[in-house]
Each structure stands twice: as C-alpha cells, then as structure tokens.
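Peer 1: Grabbed the feature section from Swiss-Prot, which reads as follows:
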| type | residues | note |
| --- | --- | --- |
| REGION | 1-50 | region 'Disordered' |
| MOD_RES | Ser27 | phosphoserine |
| MOD_RES | Lys39 | N6-acetyllysine |
| ZN_FING | 52-74 | zinc finger |
| ZN_FING | 80-102 | zinc finger |
| ZN_FING | 111-133 | zinc finger |
| ZN_FING | 140-162 | zinc finger |
| ZN_FING | 172-194 | zinc finger |
| ZN_FING | 229-251 | zinc finger |
| MOD_RES | Lys269 | N6-acetyllysine |
| ZN_FING | 285-307 | zinc finger |
| ZN_FING | 353-375 | zinc finger |
| ZN_FING | 409-431 | zinc finger |
| ZN_FING | 437-459 | zinc finger |
| ZN_FING | 465-487 | zinc finger |
| ZN_FING | 521-543 | zinc finger |
Amino acid sequence: MLEQRCRGPTAMGPAQPWLFSGPSQESSQPDRGLRYQGKSAQPRGQTPGKVHRCAHCRKRFPGWVALWLHARRCQARLPLPCHECNQRFRHAPFLALHLQVHASAVPDLGFICHLCGHSFRGWVALVLHLRAHSASKRPITCPECDRRFWRQKQLRAHLRRCQPPVPEARPFICGNCGRSFAQWDQLVVHKRVHVAEALEEAAAKALGPRPRGRPAAPRPGGDAVDRPFQCACCGKRFRHKPNLIAHRRVHTGERPHQCPECGKRFTNKPYLTSHRRIHTGEKPYPCTECGRRFRHKPNLLSHSKIHKRLEVSAQAAPHPESHQIAAEPMAQPALGVPLGSPRTPAEAPALLHSCSDCGRSFRLERFLRLHQRQHTGERPFACTECGKNFGKKTHLVAHSRVHSGERPFACEECGRRFSQGSHLAAHRRDHAPERPFVCPDCGKAFRHKPYLAAHRRIHTGEKPYVCPDCGKAFSQKSNLVSHRRIHTGERPYACPDCDRSFSQKSNLITHRKSHIRDGAFCCAICGQTFDDEDRLLMHQKKHDA
C-alpha cells in the first residue's frame, strides 16, 4: 500500500521519484532510478533514448549512461543530504518536505501531519495542509484579511486581487457643466468647448446679418465705427473679420496650422510661414549695407540700427585735419553728440563687440560675454541639488525641473507632460503620421532629425565620439558611455539576488539566468521552475484551488 501511495506522484514530473521516495525504495538500484528518470524526461513524439534530462540542473544527455555519470557529480554538489535515503537537495524547503514525507508515510493511515496528527490520503493534501502551519511564520500580514506572506511583492499582488480599485480623485470641477477632472490641464482643454460656444453666441448677436442694399453710412462713434468687429471675451476690436477669427484662437487655444516637419502648431498662417524658414534655411531679408541676410524682418530692423548708429557717430566726429589746427576744441564735446560717443572714425567700430576667437560681433557687451563661454567652457550656474554646472541660466532652470518634478508643457493630443518645450516638440512628432526626415542614401524615413543623423553615420562610416583613454571611436554617444566603463571600472547594474554587479545591462540579464537555472523561482510543492516570481505566484494559485 505504501509503495502505491509513494509511486503515485511520479506522474507529475521527473523530480518526484527523488523528492518523495519512500523507505521501500531505498534498496532500489541507482541506475534503475536514473533509467526511469531519463525516460520520464522524454518529450512526446520522440523515440526512447534520444533525450535524457537531469532533474536537478535540467541538462540533457543523449543516453542514460551519460546521465548517470553526470548525476553522480551533480548530486555531489548538492549540499543538503537526506539521512533516510541519502537523497540530496539544493534548497532547505525541499529537504524539509522530503523528510516530512518519510515521517508521515504510515501504511494504514496514509500521510499524517507531524504537527497536529491529521491524516491525509495523498501527499499533495499533506503539503497543502503544512502550508497552513507555516503561514504563522510569515512576517508580512495583509491588513484586510490577516493573510500572511513571505515577501512584500506577494502582499502587493494579493492586495491588487482583493482590494477594489480606489476611484481616481477628480478635484478640478468645471463651473459651467459640473464635470470633474483629475488634472488641471484636462479642465483647461474642456473649458475651450464652453468658450467656443460663448463666442458663437456672442458673434451671432453682435455680428448679425446686415440688411441687403447699400452699405450703412458711417456714423460718428470713433473706434466702434472704424473697428466694427469686437471680441466677446476681452472686448478688443478689429477692422476685418478674419483678424477677429484669428484673435479668437487666443482664447480657445485652437492652433489649426501645423508644421509638416516638426509638428509644431500655430494660431496664424504667417507664424507658420515664418517658422518653416527654420527648416528650409531661407533668409529673405538682406541687409543693404553689409549683405547679411535674416530670417525674420524684425531681426533685420534691429540689425540696421547698428549701421545707422555707426553712420551718425562717424558724421558727428571731427575731420582728422582739425587735430593739427586746433587741438584744444577737441576736448569739448560736439553739439548733438552724446558724451560717450567715439571721437574718430578709427574708434567708431568699438561699438561692435567682436569675439577674439571666432570674429563674431555683438551689439551689446553682455551678449559677447555669453558667447565667449562657449570658447572658455565657463559654467557659472550650478545646481544646488546635484552640483551640475551650466553656461546659461535658462539651462539651469530647465534642469531644476528634473529634481522638482515640474512638467509645465502638456501635449494637447494625449495629455502627457514634459519638463522642457523641446521635449514636447519632439513628442508631437509621434502623433503625426508622416515621417519628414528621409535618408537620401537608402530612403528610410524618420520622425526625428537626430535619428536620421545617427542613421546616416552607417552610410558615411563617421565615428565622431572618441574615447579619451584608448582612442577608440564610436558612431553613437551611448556606445562611448558604455565603453568608458571599462576604463573607469564603473558597474552600475547590480544583481538583486547576489552581490555581483556589471558594467553592461545585457551581462546582468545573462547572469540572472544562472539564478533561474539554480531554481531561484521554484514551486515548493511540485518542483516546477519559472523565469520570474510573478509566474510562480500565478502557478501557486492552482495548488491553492
């Protein structure tokens, strides 16, 4: 009867004849057990003798003799032996279960619990019963149902199954319709609907249909007559109706004109036309004095003031011959000329502040100082959190949002928020279906220009990132950062199961598979192994049922 009870679990897997072997099987020859073990490991549909797998390390062998020779070495490495049948185990829970089967197997009563004396017909029922006794030793308790767990991760998985989802807080309420939202930007987008409705109603009242016939005669009234189109939100007036329509988009947030290159949106078409010159490189406004070209007309007007100022200062300066005739009047300031203006044409160009490194000129000295930091590498603005230095204050402000978590730039399509406007502009291209950046060599298209630049290095063979330690060059900066860890000895990827750390993430992934082969996530009831703990928890539900 005992032999029948102990022989039953062998159908569940190759590890069961060793794990739950009774006293009557101690005298059996090892080669017979190994031969049975090798046959049980054969997959269906294969001829006998083709595949034999070790129950401990899952290694496969072509014949049972090779398996038997390997098993002697494999068992010798297992640290925990059973004193009843000399069976060895890698983990203490497996040995404890194995010893309980030896102690509980009684021919007449079946399997008896050594703690409370309860008897069971099968060993699986005994193991499930023993888990109830061991539950009191688990340190983590569920606050809802008093169930205990070994790990915090098991408690979190249990709470997700048992506790109902907490409703999301929606503190932002619309004052017009009472609808609530979880985030402020969602409420702002929603309120545009009410603003558009109010604009339509106000436009229908203020801009009603004019009676047919001759146009109405101008009436005295000043701005109301000259600018008949008034905004219902802010009261601003316009001469033409298209200007009013374009102005309404300031209140509604509508931006119908989208750039096909980068996806940025604008309220007016002239803004889009001016923006597209950044991508095309067009500079239609030339300077008549020096020939320099500008992308926008305001930039040309600002630049032309430099030439006018130089021309006025040159005309106000005295003739060079007057230095020889009358030197004393030179000490008096000329009429109509500021005290700080230059005196000679040779000194006139001093108004332009030129960079001594690259020759670039600037109108103000502070602009020159900001520019010279690019050559000197000076970074006077330091972050108080991490100590990182920046050359411009705007860069420090943008970096500080990394520590504060502030993300003021929100996407209108999906609501995702970003800490910098450039990141939002790059994200908008993900919503655009087109891929404007096309490789001229192979025709592959990309959404972002940096991706195209990195791809083109494949065709050109360019490797601009050079290691300062060994001189090895790379095409991408991430590869250089990963390579430099060889020289610095940095190992940022640590294994959570042991004390080893690695310089590459791929090496950590390969290393963690060794823990899985050792049975890191192994079921204590049936011995089945899993790649991660979540799958093990899902598997244990079958035994609980």
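Using N, Cα and C of the backbone, Cβ positions are placed for all residues, glycine too.
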Peer 1: Please figure out which one of 80-102, 172-194, 229-251, 285-307, 465-487 racks up the most CB pairs under 8 Å against the zinc finger (409-431).
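Peer 2: Comparing 80-102, 172-194, 229-251, 285-307, 465-487 against the zinc finger (409-431), the winner is 172-194.
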Peer 1: Can you tell me which of 52-74, 172-194, 229-251, 285-307, 465-487 gets the most C-beta pairs within less than 8 Å of the zinc finger (437-459)?
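Peer 2: Checked against 52-74, 172-194, 229-251, 285-307, 465-487; highest Cβ contact count belongs to 465-487.
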Peer 1: Within 10 Å of the Cβ of Lys269 (N6-acetyllysine), how many other Cβ atoms can be counted across all chains shown?
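Peer 2: Within a 10 Å radius of the Cβ of Lys269 (N6-acetyllysine) lie 11 other Cβ atoms.
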Peer 1: Across the zinc finger (80-102), what are the DSSP residue counts per state (helix, strand, coil)?
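Peer 2: Going through the zinc finger (80-102) residue by residue, I get 11 helix, 4 strand, 8 coil.
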Peer 1: Is the zinc finger (172-194) packed against any residues at least 6 beyond its ends, judged by a Cβ distance under 8 Å, and which are they?
Peer 2: 252-254, 410, 412, 415, 417
Peer 1: Counting by DSSP secondary structure, give me helix, strand and coil numbers for the zinc finger (285-307).
Peer 2: 11 helix, 4 strand, 8 coil
Peer 1: Give me the DSSP three-state residue breakdown of the zinc finger (409-431), ordered helix, strand, coil.
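Peer 2: With helix first, then strand, then coil, the zinc finger (409-431) has 11 helix, 4 strand, 8 coil.
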Peer 1: Average the per-residue pLDDT over the zinc finger (52-74) and send me the rounded value.
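Peer 2: That region's mean pLDDT is 78.
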